[in-house]
Every structure is written in structure tokens, then in C-alpha cells.
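> Structure in C-alpha cells, see below.
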Amino acid sequence: MKGVRVLLRAINRSRNFSSRTTPSQSQSQSQSQILLMDSSERYCYNPTLRWNPQVEEYFTNAYGAEVFSRISKALTRPSCYSCIRVNTLNTTTEAVIEKILEIQCEKRLQDTVKNGPHDIQYDYQQDRPPKEIIVSRKCAEAVLRGAQVYVPGILACSAHVEKGDVVAVSVGVEQPSRDNGWAIGITRGIVLQGLKTDPQYLERDGLYIGQGITTMSRAGIFRGLSGLGVDMTDRVFRLTSFNDVMKGDIFLQNLPSIITAHVLDPQQGERILDMCAAPGGKTTAIASLMKDKGEVIAVDRSHNKVLEIHNLAAELGLTSIKAYKLDALKAVCENNLMTQSCGQSQTSQSEATEEAESMSCDTKDLPILEKVNNNITKDEGMKVGCYKSKAEERKERRRMKNGPGRNQSTGGRVDKCEGFLPNSFDRVLLDAPCSALGLRPRLFAGEDTVESLRRHGKYQKRLFDQAVQLVRAGGVLVYSTCTINPGENEALVRYALDTYKFLSLAQQDPRIGGPGLVGHCELSNGYFEEWLRAGEEDLVQRFDPSGPHDTIGFFIAKFTVGPKD
């Protein structure tokens, strides 16, 4: 890990997360006590993560009530440090550290920035609450990570808000609804009075994430579809921004994700598959560890996400990465027709590699296809452009609303792939799509049910079945998730070891995470799930979001592949 990452840890690691305000000195002592009680309890950030009752029972069974409560608390807050992966092909860790110190010195960040949490003065006065804006949960989670408040994320605000006003920003989190579901209960554009008569007054207690300055009036906020709505000047968590800093030299990435690439231990000249690769963080980390010598195949079923991988690889100057559009559930060539198209030949590994590559859309016919497409555009573009369908109009509005970004790609060509030959990769990384219950910050978890968690586990087993076929005997298979759910972590390992006798758990290096869960789970409804057995717990890495490393919740398992007799 040395020479790969830079950890910027918070100056203040206090666990007192309340942001309190102080009442005016001119008021009487009794009034001050009332105001202090009201403002400190209301204008602070102290959320409670709500779970589905059965899911809460499940996790309490797995972790114990005290540990699960601690994990739930940690999930509502972002990590108090930034983890940076250094692109060692372009620069060195020492050069990055020196540059960051220069930036800190220029902005005097050493004295002014505390990654959080910290006190915020909301200027509360009796019968004169501050002007407020309520943002959506997704918007709030982004703001807690350092983002600004954009117009689409604003749900409601006080009356008479003008451009340049200082506003307190709170969060609208889903609440229990009449149909036993969850709903926000806020109609976009409603007026907030800031008084106890407001329908959502109590719901916002302890959910204030900071304050900022409006960039437009109330009318402009609710008439527009895009643009910056509030410039956040003070957040509960002040995270250092690395936007456009040393582009191409550094990449912000969670520590467990960086460790996952190291655990895979890629070697120069190898052929490696990243099965669910978007947005490409681990893919580029693998290519960097290989010194960009070898072949890293990255696949994802989303066209736009494949473009993300292309863009990131280009940004970091990596040429060994080939990204294709492919559903990972269909990653293996199986039927006769597919086998013929793959050119299944067992003469040598290099021939298998060439044959597998020939399946992609990167063929000699592409220039012809592009020429045809260009002709169609030129000949019929005027006719088509005269009328936009409602679907195209909705898509255009969404693009305007969400703004530019990797996920809002405006177009571009990606290569498709029909699958790969069995045993055609030296190493395979399966960073599986999961329930993502380890990501931070998280302000709501009530929509997840035991059944939905089980569906994730079933899907991951199907992906794992594909991955096992693609890695050669003597190779390595690494499985990882960003969830705290044992059913997607330890239960998957149990399935893998019981189903494929040629797989065995391997030691991981580096090892920073804790041990896995041993035993089983049996719920009151009869659901049974088996996890690790004694002796296996230290062969996996489980990252606890409430642990000393202050990471996201994450899980890594490494398998070595024996003879597939």
C-alpha cells in the first residue's frame, strides 16, 4: 500500500455530533434556557437511521444490539478523512503530498478546515426562526459529502426568500405512511413558516446539515429545472474538496476499494477481468498496479457506465484497459453457436485470449458501420430534427435538470461483447452489485426488507457462478461488496466453498479490515442462513463503519482456484 495512497485524517475526531446555537445575551435567563433547549435539540445534526423491523431483527441477530446500534449511528455520517489513490504512473506519492501541502498553505486550510463535526450558528431567535430550505434525502447525502445544493434537490423553502439570503438547510427524510409504506410527505414548493404549526416541523428536528447563501429567489428556485440553488458556506461536516485538483495524478477512492485491488495482486502481463467494473475505480487501480502492462477487461451492462470507464482510463492515461458493454450474467460463452463465434481452441492461452477478444464489436466492420450511421444522420437528420417525441423531450428535460456528468452522458460509441471463453483469465474481480448498506452517509434504510436482501444474495450467486468459470485453474478470484449484510458476504462465501470444491480461501495482503462473522442466523419466521465456519473468519476482511478506520461498510473474500477436475 505504500506509495499508493495518501490519507488526510480529520484534525478533530470528537464524537460529539450536535451543532448548537446560543440565544441572544439580551434575553432573560429563563427565556435563554427555553431557547437553548429548543435550538439545541432542533437545529443540530443527530439523525436516527430507520430500518425495516425484520431487517433490524436480522442485523441485531448477526451483530448484537449494541454493535448494530453503533453501526447504524456511524452510517448516518460521512467518513472524517479523504483517501486518495496516487497515479504512480504519472507522479509519486511524495510529489502529491508536497502539492497538497502547498494547496493547504495557499488556502490556509490547516487553520480553517475541520472535517467535522462542528458547531453552526443558525441565528435562532424567539418567534423569529431563520429562513429555511428543505432538500431531498439524496441531495442531503451528497451535501454531507461536500456537494452544493442544486435546484432539483430543493423540496421547500420559507416565504420571501431572495437571492443572497442566508438559509438553514434541513433534510426531508421518508416517514411512515398510511399504507404501511414510506413517503416524504412534502409537496415541492410548499411554504415553510418555521413555526411549530408547520406539518413537517418535528420531522426536521436533528436534521439540519448546514447553512448557505441562496443564488436565486424562491420564485427562481421553483420555476427552474437546473442550476445552483444554495451555495453552502457552512456544513456540519467540512470535508476538504479535491475537485479538479491534480487531475490525472490522484483519484479519490474509499480505502477498502483500494485494498481490494491490492488483494487481487495483479501481475504484469496477466489478463484480468473486472466483471461489474463501473465507474472504473478498481479497474484503473488494477491497471496501475500492473504498471499498465497486460490486459484489463472491464465490463458493465450500462452503455453510459462503460463510457465512464473509458473517460476515467483516459484521464489517468491508462492504455491496458478495454471496456465493453456486457451483462455479467452472460459473461461465459455457452451454446454451440457462441462457442464457434468465440473460436474455442485449447492450443494455448494466448490463442484463447485472441479468440475471446474477437467476439467484441472492435472489428474491421466498425468503420463501415460508422459511415452508414453518419450517412443516416446527415440524410435524415433534418427530417428527424423537425419533431421531438415526448420521450426525447422528457430525456432532454432530465439532462437539463441533472446537469452534465459521467452519469449523464450525451452520447458516444462503446463496444459490445458476447462473452468470453471459460478459463480465459488469470484473475477475476467480482465487485458485485449489492444492497449498498455500507455506503455513508445514509439517512434512510426502511425500504430494504429481508426478502429484498435475499434477492441480492441470489443475484450475486449467479454472478459468482459465471466468475468461477472464467478464471483459470491456478488463478485468483476476489469477491467484494459495499454492504454490511452477511447474506451477501459470509453467506456467499459459504455457498462458494460448499459448491466449488476446487476453491479455497486465501490469505489477504494488505490486511486492515476485521474478521468475518462465524455461525448462522435463524429468524423468528424460520429463515435460516449459514455463514463462516471456525478458522475461516480471519481469511476474509470485513470493514466496520463504526470501527477505528472510519471507512464505509465493506467485505472482501479472496479465493484461489485449484484443478477443475
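Residue numbering: from 1, along the chain as shown.
Glycine is no exception: its Cβ is also placed from the backbone N, Cα and C atoms.
OK, TrEMBL features for this one:
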- Cys482: active site, nucleophile (ACT_SITE)
- Cys276, Ala277, Ala278, Pro279, Gly280, Gly281, Lys282, Asp300, Asp327, Asp431: S-adenosyl-L-methionine binding site (BINDING)
- 340-351: compositional bias 'Low complexity' (COMPBIAS)
- 178-562: domain 'SAM-dependent MTase RsmB/NOP-type' (DOMAIN)
- 340-360: region 'Disordered' (REGION)
- 391-413: region 'Disordered' (REGION)
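Looking at the shown structure, what environment does each listed feature sit in?
Non-local contacts of Cys482 (active site, nucleophile) by the CB criterion (under 8 A, 6+ apart in sequence, same chain) comprise Asn254, Pro256, Cys434, Ala436, Gly438, Leu439, Ile552, Gly553, Phe554.
The Cβ of Lys282 (S-adenosyl-L-methionine binding site) has 24 other Cβ atoms within 10 Å, all protein chains considered.
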> Can you tell which of the binding-site residues (Cys276, Ala278) has the fewest other C-beta atoms within 10 angstroms of its C-beta?
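Taking Cys276, Ala278 as the binding-site residues, the minimal 10 Å Cβ count falls on Cys276.
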> In the predicted model, what is the mean pLDDT computed over the domain 'SAM-dependent MTase RsmB/NOP-type' (178-562)?
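Average per-residue pLDDT within the domain 'SAM-dependent MTase RsmB/NOP-type' (178-562): 83.
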> Within 10 Å of the Cβ of Gly280 (S-adenosyl-L-methionine binding site), how many other Cβ atoms are there?
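28, counting other Cβ atoms within 10 Å of Gly280 (S-adenosyl-L-methionine binding site).
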> For Asp327 (S-adenosyl-L-methionine binding site), write down the residues of its own chain that are at least 6 apart in sequence and whose Cβ falls under 8 Å from its Cβ; none is a fine answer.
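Expected: Arg301.
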